Amino acid sequence: MSWLVRRSLRGRRGQVAALAITITFSAMLVGMLGLLTETGVSGQVSTGEYAAAPVLIGAHQARPIPDDVDLPVPGRALMPAAVVDEVSEALPDARVVADRIVPAVLVAGQGDPIPVEVHPWSATGLGDRSLASGRAPEAGTEIVLSGGVDGPTRPDLGDIVELGFGDEPEPATVVGVLAVDDSGTDVADVYLSDDHHRLRGKPEQRVAVVGVWPGAGDDTAVLRAIAERNGGRLWPAGDRGEIEVVRQGPAKGALVSAAAAFGALAIIVSAFTLVVLTSLQIRERSRELAMLRVIGATPRQVKRLLRGEIRGVAVAAAAAGALVGPLLGARLVGVLRSWEVIPRSLEPVYGPWPSVAAFAVAVVSAEIAVLLSLGRAVRGSPLTGLDGADERKSGCARVLAGWAGVTLGLIMASAPAYVSGEAAVGLPALAGLVIAISVGPLSPLIVRLMAWTQRRRAARSAPRYLAIASLSARSARVGGALTPIVLGVSLSCTQLFSGTTLSAIAVDEFEAGHRADLLVTAGSTGVADGVAEDLAATAGVASVQPIVTTSVLIRGRQHDTNWQSIPALAVGGDQIEQYADLQPVGSRTVSPVDGGVAISAQLAAALGSEAGDDLEIVLPDGQPIKRHVTDVYLRGLGFGDAVLPIGDVQPAMATGNATALAVTVADGAALPEVEQQLTEYLAGRPGLEVSYPTGAGLLTEEPADGVFPVLLLLILWGYIAITVVNSLVITTLSRRAEFACLRIVGATPTQQRRTVRWEATFLAATACLVATVASLPGLCGLTFALSHGERILPSIDILSYALIVATSFGLVLAATELPARKAMRRSA
C-alpha cells in the first residue's frame, strides 16, 4: 500500500502541491498567532529605571484573573506616601529613595508639546540613570532631560524650555542631559530638583515606588509586611519591567486578547477549509477511485490509500509551517512595534509551544478532513463514478446538517430577544460564522438554485448558456469552491461592520445625550482647577463643569465574577444632567452620590447587578473602593459604562486634575465668539485646546489599537484566499476533457474564455450575495442588542464593502482565467 501511495502522490503533483500549501499556511497561521500570544504572556520590557535598588516596594500593577492573564490596572498603581515614613521608622539605618511621577508636557522652542513624566532628581539613584553632560538640577527652575526628549529643535544645555501641568507653563533651564534614551518604550523622563513644588511630598500625595538599601541584617520580612499593609509588594531584581513601563501591561493584554481570539478563529477556519479542499480533491478523483474498485480494490483499501496520501502530505507540510510560523510572528511583532501598538523594546518570546500547537492543529485538521470526506469515495456502486459527473442530488444528511447549522445561526442572531448580558452581544457576533460554515453542506443546492434563476437570461447568449449548464452539472465541485469565498467575505463583513456599528451607535448616543456647547481637553496633564475658574469668569460662559474620562476595573460582589476593564465618566454627583442625558432606567435623573455609582444597562446585565447592589472598583491609581449601584442608564457606549462622583476619581488621576471641562454658553451669547475667547486664553497653556463635542466624546481609542485586529483579519483572509485559489485551480485544470469536447463541436477559444469568465462572475456574485445574507442576521442582532432595541440595521461602510466584493471578484476571475487558458492549450 505504501508503494501505491507514493506512486499516486507522484502522479498528482498539482493536487498534492495545493493540499501541501494549504496545510503549510494553516500551520504558519496558527504558529504566528501562537508566538504573539506567547509574547504577550511572557514578554517583558525593562528600562533599568529601578534596577539599582536592592529592595523595591511598589503597588500591584494588575489584578489576577483565574485561568487567564492578569488584568492591568488602567493607570500606574500607586502607594500612599506614608509608606516612606514607615520604612524609615522600621529601618532607621536604611537608605530610602521614593519616586513620585507627575505627567506634564514639555515645549522646546516653537515645537509642539511633548508628553513627559517628571521625576525628582533623587530617583535617578534607583536605576541606571547617569548624566551624559551637564549637572544635576539644584534650583526649582532647572531641569535635566533624558535622551528620549526630542523635537524640531533638540534642547541643549542652557536652553530654556517650558513645562505644562494643565495650566500656565513654567520655564526651566536645561542643566543636564541623561545618557539613557527610552523613546518608543515609554514616555520620556525629565528630572527636577527634589524640593520642586510639583514634587514636594504631601500627605495626600502618593508615590510610585520606594527603593530601600537595608543595613547589614535581613529585613525582607519587615519590608514585605510594610508593602502588604500599603497595598504593595516587593519587586524582585530582574522582574521590574511591569512597574518601570506600566503601559506594556495594557499593550500585552490587548496582544494576547486579539491573538487568542483570532487564533481560535484560525483553527476553525483551517479545519473547515481543509475539509472543503480535501472533499473537492476526492470528488475530482471520483473516476480514478471508481476504477480502483472496479478492478478489485475494496472500500477499506481505497480508504487506506487516501488516508495514507493525506497523512504523508499533512505531516511534512505541518512540520514546515510550524517552523516558519513563529518566525513570521516575530516579524509581525516588529511591525506592531513600529506602529507603537506595543513598546518598541518588547522582543518576541520564542518557545516550543507555538510550533507544537501549529503542528498539532494542522495534522488534526487534516485527519478530520479525511474522516469527513472518505465516505463519499466508497459510497454506492463504482460504475456510477466512472463518468466522473457530480451527483445530481445532495445527500439527505448533508442537507439536514446544513439547515440545522443555518437554524442554529439564526437562533444565535436572535439572542437579544431571549437572553441578556454578554451572551446577548456574543452570540450574534458568532452567528455569521456559524451560518457561513453551514453553507458548505448546502453549497451544491445553492449553486443549482442560483443557476436556475439565470436560465432565461442565459438563453440569450451561447457562452452564458454553456456557463449555466456547466455550473448546474458541476454543482458539487463549484459548491466546494464557493464555500471558502463565502467564509472569507462573511468573516470580513462581520468583523469590520461590527466595529463600524459599535462606533455609529456610540456616536448616536453621544450626539443625542450631550448638553455641553464646548469641551476644553488636555492630553496627559489634565486641566488644572485654576483654568476652570478663569473660564467660568469669561464673558458669555454660563457654566464650566470639570469631568474625568478614564477606565476602571470593576466586578460584582459575587464569587463567580471576574474583573473587567470599562470606560468610566466622573462628574459632580448633582451636575451630571448639566453635562449629558444618560437616559436612565426607571428614574428621572442619574445622580451617583458619595458612596454610589451609576452603571450602564449592558454592564448591569454582564455583572448581574441592579440598583442597590454593591460593586468592587479599582481606580486608575490602583486604589480599591466599594460602591453601591444607585442608577442604571442606557447610553453606556456614548458616555462610558460607569458614572462616579468626581471626588472619587479625580484624586486617583496621575495629575490630580480633571481630564476635560464641559463649557455651557449663556443664553444670547454667540458661540463662535465664546470659542474665540477660550482659544485665545488657552493659547498660552500648552496641551490644552477647545473643541466642539463630537463623536463619542472623549471615550475614544488610539488609532493603532483598531489597526491590529484589521491586520490579523487581512492575514486570515490571505489564508482563505490561498484555499480559494487552490480550489479554483483544481476544478479548472480538471476540465481539459470538457474544453476539448467544446473545441471539437466548434467552440472557438474566445467563446470558451467568455464561458469561463461568465462562470467566474457567477461564482463570485453568488458567493458575495450568500456571504452578505449570512452575515446580516448576526449584525442585525448585534445592533439590536447594543442599541437597546432602538435600531436593528447595522452601519455598513460602503467603501469597505465595495473593497471586499472587488477583492473577491478579482481573486475568482484571476484564479479561474489563468488555469483555464492553460487547460485549453493542453486540450487543443
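Cβ atoms are placed via backbone N, Cα and C, with glycine included.
Automatic, uncurated: that is what TrEMBL annotation is.
As recorded in TrEMBL, the features of this protein are as follows:
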type     : residues : note
DOMAIN   : 261-382  : domain 'ABC3 transporter permease C-terminal'
DOMAIN   : 712-827  : domain 'ABC3 transporter permease C-terminal'
TRANSMEM : 16-36    : transmembrane segment
TRANSMEM : 254-277  : transmembrane segment
TRANSMEM : 313-336  : transmembrane segment
TRANSMEM : 356-378  : transmembrane segment
TRANSMEM : 399-419  : transmembrane segment
TRANSMEM : 425-447  : transmembrane segment
TRANSMEM : 478-497  : transmembrane segment
TRANSMEM : 707-729  : transmembrane segment
TRANSMEM : 762-786  : transmembrane segment
TRANSMEM : 798-816  : transmembrane segment
> Any chance the transmembrane segment (478-497) and the transmembrane segment (254-277) have 3 or more Cβ pairs under 8 A, given the pairs are 6 or more apart in sequence?
Replying inline: yes
>> Which residues of the chain, 6 or more past the ends of the transmembrane segment (254-277), have a CB below 8 A from one of its CBs?
In response: 18-19, 22-23, 26, 29-30, 33-34, 36-37, 39-41, 69, 336, 341-342, 361-362, 364-366, 368-369, 372-373, 433, 437, 440, 480, 483-484, 487, 491, 705, 708-709, 712-713, 716, 719-720, 723, 726-727, 730
> When the pLDDT values for the domain 'ABC3 transporter permease C-terminal' (261-382) are averaged, what is the result?
Replying inline: 87
> Can you tell me how the residues of the domain 'ABC3 transporter permease C-terminal' (261-382) break down into helix, strand and coil by DSSP?
Replying inline: 101 helix, 0 strand, 21 coil
> Can you count helix, strand and coil residues in the domain 'ABC3 transporter permease C-terminal' (712-827) using DSSP?
Replying inline: 99 helix, 0 strand, 17 coil
